[in-house]
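A.B. asks: Okay, these came from TrEMBL:
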BINDING   Cys35, His39, Cys57, Cys60  Zn(2+) binding site
REGION    1-24  region 'Disordered'
Amino acid sequence: MGSGNAIRGSRVGAGPMGEAERGEAAPRVRVAFWCANMHETRPSFASDAAVPEMWDCPRCGLPAGQDEEAPPAPPKNEPYKTHLAYVKERRSDKDGKAILEEALERLRNNKSPW
Ligand SMILES: [Zn+2]
């Protein structure tokens with residue numbers, strides 16, 4: 001299920017890394033951004049390129065800023081809080097385990113489908 005999400009997710013993840021792997025001689029700088037969920041992302045930029053003040057968090061889609069202490073507030077009614085955001089959040093190991101255990105718990109409490 002959700003093959004469209006997988007494709008979109010991998011493209012987001014592969015963007016900055018893929019560029020770095022191309023290994024051009026141009027020097028690059030890495031800039032850290034933090035979103036309101038404290039996800040850290042470190043895209044790299046050509047050293048002569050302008051570094052944006054804001055960056056979209058590749059994990060949850062919220063805007064991320066360069067100040068770890070004061071990440072940009074998530075916009076209200078933002079359209080990103082769809083299943084796509086949840087799918088992305090589930091990819092982190094901790095969340096994945098929690099969800100798995102929750103599911104197992106539910107299976108134990110309900111009747112096993114098998
Ligand atoms: Zn995030």
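Cβ atoms are placed via backbone N, Cα and C, with glycine included.
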A.B. asks: What other residues of the same chain, not counting Cys35, His39, Cys57, Cys60, have a CB atom within 8 A of the CB centroid of the Zn(2+) site?
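C.D. replies: Close Cβ neighbours, site residues excluded: Trp34, Ala36, Asn37, Met38, Thr41, Pro58, Arg59, Gly61, Leu62, Ala64.
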A.B. asks: Among the binding-site residues listed here (Cys35, Cys57, Cys60), identify the one with the smallest other-Cβ count within 10 Å.
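C.D. replies: Cys60, out of the binding-site residues Cys35, Cys57, Cys60, has the fewest neighbouring Cβ atoms within 10 Å.
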A.B. asks: Which secondary structure state does DSSP assign to His39 (Zn(2+) binding site), in the simple three-class scheme?
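C.D. replies: It is coil.
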A.B. asks: If one looks at the chain holding His39 (Zn(2+) binding site), which residues at least 6 apart in sequence have a CB under 8 angstroms from its CB?
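C.D. replies: Correct list: Cys57, Arg59, Cys60, Ala64.
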